[in-house]
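Student: The following block contains the structure, expressed as structure tokens.
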Amino acid sequence: MEIAEKVRTNFEFAGCDTVELAKEYGTPLYVVSEEKIREQCREITQSFLKKHQNTKATYASKAFLTLAMCKIIEEEGLGLDVVSGGELFTAVHADFPMEKIVFHGNNKSYEEIYMAVSHGVGRIVVDNSHELDMLEDITNELKRTVKILFRVSPGVKGETHEYILTGQKDSKFGIPLEGDGILQVVKKATNSQFLKLMGFHFHLGSQLFDKNAYILAIKALTNLMKELKDKLSYETQELNTGGGFGIYYTNGDKPKSIAYFTDAIMEELKIQCNSLQHTVPSVVIEPGRWIIGNAGVTLYTIGAVKEIPNVRTYVSVDGGLPDNPRPALYKAKYEAVIANKNNQPRDRVVTIAGKCCETGDILIWDLETPEINSGDILAVLSTGAYNYSMASNYNKLPKPAVVLVNKGKSDLIVKREKYEDLIRRDIIPKHLL
Ligand SMILES: Cc1ncc(COP(=O)(O)O)c(C=O)c1O
């Protein structure tokens, strides 16, 4: 009877009792719902890929990438966007179809480009003329044709934290639309023997809720397409409109369906192409957070509970900034529950602190909770995106394990790091032995 009571009050995620997960796998623990990931992919398939002809979707793997995630994305029929040799290496090891890979990055190294060309990735999104020169050398050497897009910065400012804005004029990403830089690179690419210029890419930023920024960017891009057609007889075949679609983290976030953005993008593109007498290019989207963000929760064990009279109560957990740097980095906000007291009234307010030696290592300010005791399990919600993938070993904390959950079953997909892993690559020079 007592056990049944207990189970009923525990927080469940994808049919799993999170308190039992914490017991079985330890904490901190990233828990990821397979069903939620698949649901999001299927919404993209139904509301975008099947609804609009000549479209593709790639998952922005920087949000969360493991071998198992590659398998799920492949099964759902989406492509994969990677931004480094390491992300590409992961995709290669998961046997992800290389023609469905889009390779990004604002400062790709020669080795990374070489690797991408050798593996035959589907698209390389070229960020700048330095990269274009390297890519030309490499394709000439390997005698391999590569399909490319140019990343442009459309000069559009979305509404989000400035650190996750990317499409504004003053940005390290892409080629500005002003000046003749873009004309120069298009000329060069179209004259190159092994480069096939498919079109252009923009990404406006992350955690965006308003379609207007996308509409403005489409206007800027279609003007560019028209200019290139008139001046260079170059016809754009493909437009990659990036990701950035916002999700729910806390009260005040108003997430939209994928169709809210993609219908607007498609409609504006058709209107502009019609009026400029340009054929409508194929359209690619590349959401990351929108696919994985709400599919993850992180479980922590509560340790010290410190009440500072008339100030606040600090509740410390066994992780923090190293497994989730977003609050410190972007002032990101999260909701959370005490997993083993999920049904109890939340009659007090506490601050959830990480265990790092940084005053700024606070996961959540002013969280409403029931009474808290050390040993309770905290579940922070919506941690699927940019948590595991941004994790560090600061303070030499081993990185948490990742568990994939589905309909009450769980599978370990990334093992917890051990202390030995933390010094595995250290070398003591002879003179210090
Ligand atoms: C080029 C590019 N595409 C897609 C994304 C995915 O963004 P989000 O996770 O907000 O959808 C990013 C994120 O930084 C990006 O830089």
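The backbone N, Cα and C atoms fix where each Cβ goes, glycine too.
Per TrEMBL, the features are:
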DOMAIN    36-292  domain 'Orn/DAP/Arg decarboxylase 2 N-terminal'
MOD_RES   Lys62  N6-(pyridoxal phosphate)lysine
COILED    211-238  coiled coil
BINDING   Gly244, Glu286, Pro287, Gly288, Arg289, Tyr386  pyridoxal 5'-phosphate binding site
BINDING   Arg289, Arg326, Tyr330, Glu358, Tyr386  substrate binding site
ACT_SITE  Cys357  active site, proton donor
Student: Using the residues the record lists for pyridoxal 5'-phosphate (Gly244, Glu286, Pro287, Gly288, Arg289, Tyr386), what whole-number Å value is the largest Cα to Cα distance?
Tutor: 15
Student: Compare all C-alpha positions of Arg289, Arg326, Tyr330, Glu358, Tyr386, the record's substrate binders, and send over the largest distance in angstrom.
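Tutor: With Arg289, Arg326, Tyr330, Glu358, Tyr386 as the binding residues for substrate, the largest Cα distance is 27 Å.
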Student: Quick one: give me the count of other CB atoms within 10 A of the CB of Tyr386 (pyridoxal 5'-phosphate binding site).
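Tutor: So the number of other Cβ atoms within 10 Å of Tyr386 (pyridoxal 5'-phosphate binding site) is 25.
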Student: Measure the Cβ-based neighbour count of Glu286 (pyridoxal 5'-phosphate binding site), defined as the other Cβ atoms within 10 Å of its Cβ.
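Tutor: Its Cβ shell of radius 10 Å holds 26 other Cβ atoms.
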Student: Anything from the binding-site residues Gly244, Glu286, Gly288, Tyr330 with its Cβ under 6 A from ligand 1? List those in sequence order.
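Tutor: Going through Gly244, Glu286, Gly288, Tyr330 in sequence order, those close to ligand 1 turn out to be Gly244, Glu286, Gly288.
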Student: Let me know how many other Cβ atoms fall within 10 Å of the Cβ of Arg326 (substrate binding site).
Tutor: 20
Student: So of all those recorded positions, Gly244, Pro287, Cys357, Tyr386, which one's Cα sits nearest to Arg326 (substrate binding site)?
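Tutor: That would be Tyr386, the closest of Gly244, Pro287, Cys357, Tyr386 to Arg326 (substrate binding site).
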Student: Can you tell me how many other Cβ atoms are located within 10 Å of the Cβ belonging to Glu358 (substrate binding site)?
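Tutor: Summing over all protein chains shown, Glu358 (substrate binding site) has 15 other Cβ atoms within 10 Å.
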Student: Given the recorded positions Gly288, Tyr330, Cys357, which lie close to the residue listed as 'N6-(pyridoxal phosphate)lysine', meaning Cα to Cα within 10 A?
Tutor: Gly288
Student: How many other Cβ atoms are found within 10 Å of the Cβ atom of Cys357 (active site, proton donor), counting all protein chains shown?
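Tutor: Step by step: centre on the Cβ of Cys357 (active site, proton donor), count other Cβ atoms within 10 Å, giving 9.
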Student: Of all the recorded positions given, namely Tyr330, Cys357, Glu358, which is spatially nearest to Tyr386 (pyridoxal 5'-phosphate binding site) at the Cα level?
Tutor: Tyr330
Student: Could you check which of the binding-site residues (Gly244, Glu286, Gly288, Arg289) sits closest to Glu358 (substrate binding site), going Cα to Cα?
Tutor: Arg289
